Amino acid sequence: MADLSVNIGSLMMSNPVMTASGTFGYGKEFEDFVDLEKIGGIIVKGTTLHHREGNPYPRMAETPMGMLNAVGLQNKGVNYFVEHIYPQIKDINTNMIVNVSGSAVEDYAKTAEIINELDKIPAIELNISCPNVKQGGMAFGVSAKGCSKVVKAVREVYKKTLIVKLSPNVTDITEIARAAEASGADSVSLINTLLGMAIDAEKRRPVLSTITGGMSGAAVKPIALRMVWQVAKAVNIPVIGLGGIMDWKDAVEFMLAGATAIQIGTANFIDPAVTVKVSEGINDYLERHGYTSVKDIIGALEV
Ligand SMILES: Cc1cc2nc3c(=O)[nH]c(=O)nc-3n(C[C@H](O)[C@H](O)[C@H](O)COP(=O)(O)O)c2cc1C
């Protein structure tokens, strides 16, 4: 076995493979299908200060090699998470990470402050890039100023590893990544979904209730890979790459482009055990190429 361990800030992971928020529930739902302890980190559903209903149906649409979603951060709020969900997931023997979303800077900070008290949650991922909510969400992630504001506020109250999840729906993602780093992020993850749209020609109506939605899956990979490569060159903090990773080969490509760790989202819907298969595939790749550690391939792309 090669050494697959990596660090994201003070977060230590046994391997670089994580689940992407919103695609793996709270982890528990998948325990019959995959050995959760073999996943480097599980990023749970987006959590907000208050209960959110999410958007009306229909909120999913299939696309060639991908999907559109407009779930809209449906969750029961952070206090429900603390009382009812945390007790169920706290003893899962891997890094359980909470994805935090909000509509106002104060909401993000308050939610992060509450989660800071949970011993078994070693990190949060700040979602400043959700395209499916009317207020906030992506609004913070599309300007360096907005990003700085929310990251600084959270950094003041959150003492553990702070990952900031970036939006691809911007002109220059490196500018936002640098703002996150300067404001105290320990890591940036990218990409969240790309803004897209689907139309039902027969009905002459949009397919999604929200008209537009977030595009994910294999089709977005080249864009995500390009952005990870750009951001990895622009910042000194570890980059977590995601967007269209379907197998170990995709994962290795993101790591060669500069990602220290990777996340898998849409592919979980096709194969709930994909994370562990990807981790095994990375190990095989390392052994085949004579690498003893996965760290040897991070940013090892030759151009
Ligand atoms: C159904 C669904 C729900 C999602 N919910 C969230 C969320 O709550 N918070 C978040 O930061 N990202 C959310 N995402 C975005 C994913 O975490 C990921 O960034 C995106 O899907 C790209 O990765 P993929 O192509 O591997 O799916 C969601 C994606 C999907 C498909």
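Cβ from N, Cα, C; glycine included.
Please treat TrEMBL annotations as automatic predictions, because they have not gone through curation.
Since we're looking at a predicted model, the values are computed, not measured.
TrEMBL lists SER21, LYS45, GLY46, ASN127, LYS165, ILE191, GLY217, GLY243, GLY244, GLY265, THR266 as binding FMN, and of ASN69, ASN95, ASN99, ASN283 the one it places in that same site is ASN99.
Here the binding-site residues are GLY46, GLY72, GLY243, GLY265, and the one with the most other Cβ atoms within 10 Å of its Cβ is GLY243.
Site extent for substrate: the farthest pair of Cα atoms among LYS45, ASN69, ALA70, VAL71, GLY72, LEU73, ASN127, ASN192, THR193 sits 16 Å apart. Nearest to LYS45 (substrate binding site) in space, judged by Cα atoms and limited to the recorded positions SER21, ASN127, CYS130, ILE191, GLY265, is SER21. The recorded positions near THR193 (substrate binding site), taking a 10 angstroms Cα-Cα threshold over the set SER21, GLY46, ASN127, CYS130, GLY243, are CYS130, GLY243.
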